[in-house]
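The structure under discussion appears below in the form of structure tokens.
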Amino acid sequence: MSFSPNPYKPIGTPAPGPAPYYAENPYAPPQPGQYGYGHGQGPNQGYSGDTKSPYEGERFKPKKRINDPIFLILFIAQLVGFVVISVITVSKFGNAGGLGGGVGSDNTGKSVTLNYHTVILLLFVTGAAIILSAIYLILTRAFTRAIMHITLILSILLNIGICVYYWITKYYSGAIIFTVIALFSVLSYWGYRSRIPLASLLLQVVMDVTKHHPSVYFVAFTSLILQAALSVWYTFTVIATYVRYTPGSPTCDFGQSCSTAKVIGFIIFETFSFLWTSQVIGNVALATLAGGPFGSWYYFGPRDAGLMPKHPTLSAFVRASTLSLGSIAFGSLIVTLLELVKMVLNAAKNSANADGHPVEACLALCAECFIGCIESAVEYFNRYAYIEIALYGKPYIQAAKDTWRLFKDRGIDALVNDSLVGMTLTWGAYVTGLLCSLFGYLYLRYTHPSYNADGQYTAPVLLFAFLIGLQSSLTLMSAIEAGVSTIFVGLGEDPQVLAIRAPELFALIAQTYPQVVQGVPRV
């Protein structure tokens, strides 16, 4: 494991505004010969005299129109439906006394189904997720390159470990697929490792910009708190649904019809609503940061230069949560549906494997992996589409088309696809989710709630704990990803600006990907 001998170190005092080393000048195109380039020479040939305004193409000042209103209405309708179901089920859950249970209680409550014991457990899990997410972000800034190397190695070891486990347990369909994945990850290690210096420098630049814009942390932690509150609300609702509609539950004595079909139907809708709303919360935060502090830093320069608009974060939030909310809900719905399909395929795989049908299990696993790849690609693509929405106020379809053209025509696809920043932050989110699941397991193991005497509820409780930890962490990490992705979009549209904002980063990009900083066509 080796590290670059010249790690990035911001220069300057902690005064307001980005570190002077990479943001000492306000927005202006470089003059011929600046940074070693000029007309007819250098890797940025053809754009050095560009005088494109920061407000070009309605950037930061979009038309006041509601985009994608149909999806805005659908999102509001499903949220209202979730609220109604939650009020009905939780109120009956309270009337039933929650079936007993409490902090650290042992063999308490009725043994029919989940009780307050589990609610308190998942409340603890939510608090742990918030703390773990914040700690990981702090460690990432302090040890950027080391953590990138570690996460890369851990990703490979995880693939190998899953492969070995499946072979040992004779789950041959999964073993074959993960053997291919493990081999691919091992072979690609050296390619990823060589790109760590660029990804590390990019991540450090973004984190240093955030140090001088407290609104970044305010938006991130506000969205995290909202995400945590939604997770708790979802947890109460799911447990209350189990209590109210599970056959044999005491609440059935109140004249309510109970059935397994009702439990499954309500749980599916509640999970769908939770995933969609969680996606929207995170993506509104992303759009707020991209259209606020990060976009303003890229196109206007530091705040003390006097060119940045007043209250850019607030303005971006208003646009994202009103005029562009339908577009954000549109993109979020696509990912939510893919996630639900993947969950169904996972259940089918587990069922086929338990019934001793390896062929069906293998087909289900292949389909699940295929859907998972599509979901990851859509999430990755959507992040840049949301930045187009945040900067220009575009509808989702138009933003998606422009993003695709940006990837294909602006010469940044190699840089985007090779970035390790997303891997580093996503791995942190998965680690947080796994630690939350471990916490939940240990709590169940040592408190022995009566409803879980035979271990029948261990799996769903651990799943809920993992989802809470994962979603909470991803929301916080999205703040940093917003900055990284905004720089990529700005680099594709106006690469000369980055030469002013972060000369060292621009030089490393020009050295690693010379095609990225060549002349780019104007729309």
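Each position is counted from 1, following the chain as shown.
Positions of Cβ are set from backbone N, Cα and C atoms, glycine also.
Features reported for this protein in TrEMBL:
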{"type": "REGION", "residues": "1-59", "note": "region 'Disordered'"}
{"type": "TRANSMEM", "residues": "70-94", "note": "transmembrane segment"}
{"type": "TRANSMEM", "residues": "114-139", "note": "transmembrane segment"}
{"type": "TRANSMEM", "residues": "146-168", "note": "transmembrane segment"}
{"type": "TRANSMEM", "residues": "174-192", "note": "transmembrane segment"}
{"type": "TRANSMEM", "residues": "216-242", "note": "transmembrane segment"}
{"type": "TRANSMEM", "residues": "254-273", "note": "transmembrane segment"}
{"type": "TRANSMEM", "residues": "280-300", "note": "transmembrane segment"}
{"type": "TRANSMEM", "residues": "320-341", "note": "transmembrane segment"}
{"type": "TRANSMEM", "residues": "420-444", "note": "transmembrane segment"}
{"type": "TRANSMEM", "residues": "464-491", "note": "transmembrane segment"}
Give the one range among 70-94, 114-139, 146-168, 320-341, 464-491 whose Cβ atoms make the most pairs under 8 Å with those of the transmembrane segment (280-300). 464-491
Among 70-94, 254-273, 320-341, 464-491, which stretch has the most Cβ pairs under 8 Å to the transmembrane segment (114-139)? 464-491
So are the transmembrane segment (420-444) and the transmembrane segment (146-168) touching or not, going by 3+ C-beta pairs under 8 A with a sequence gap of 6 or more? yes
Of 146-168, 254-273, 464-491, whichever stretch has the most CB pairs under 8 A to the transmembrane segment (70-94): 254-273
Taking a Cβ cut-off under 8 Å, which residues six or more beyond the ends of the transmembrane segment (254-273) line up next to it in the same chain? 78-79, 81-82, 85-86, 89, 92, 95, 234, 237-238, 241-242, 244-248, 336, 340, 343
Given a Cβ distance threshold of under 8 angstroms, which distant residues of the chain, six or more beyond its ends, lie next to the transmembrane segment (320-341)? 62, 64-75, 268, 271-272, 275-276, 279-280, 283-284, 287-288, 291, 371, 374-375, 378-379, 382, 385-386, 389-390, 393-396, 399-400
If one takes Cβ-Cβ under 8 Å and requires six or more residues beyond its ends, the residues near the transmembrane segment (216-242) are 82, 85-86, 89-90, 92-93, 113-115, 118-119, 122-123, 126, 129-130, 133, 209-210, 249, 263, 266-267, 270-271, 274, 277-278, 281-282, 284-285, 288-289, 292-294, 313, 317, 464, 467-468, 471-472, 475-476, 478-479, 483
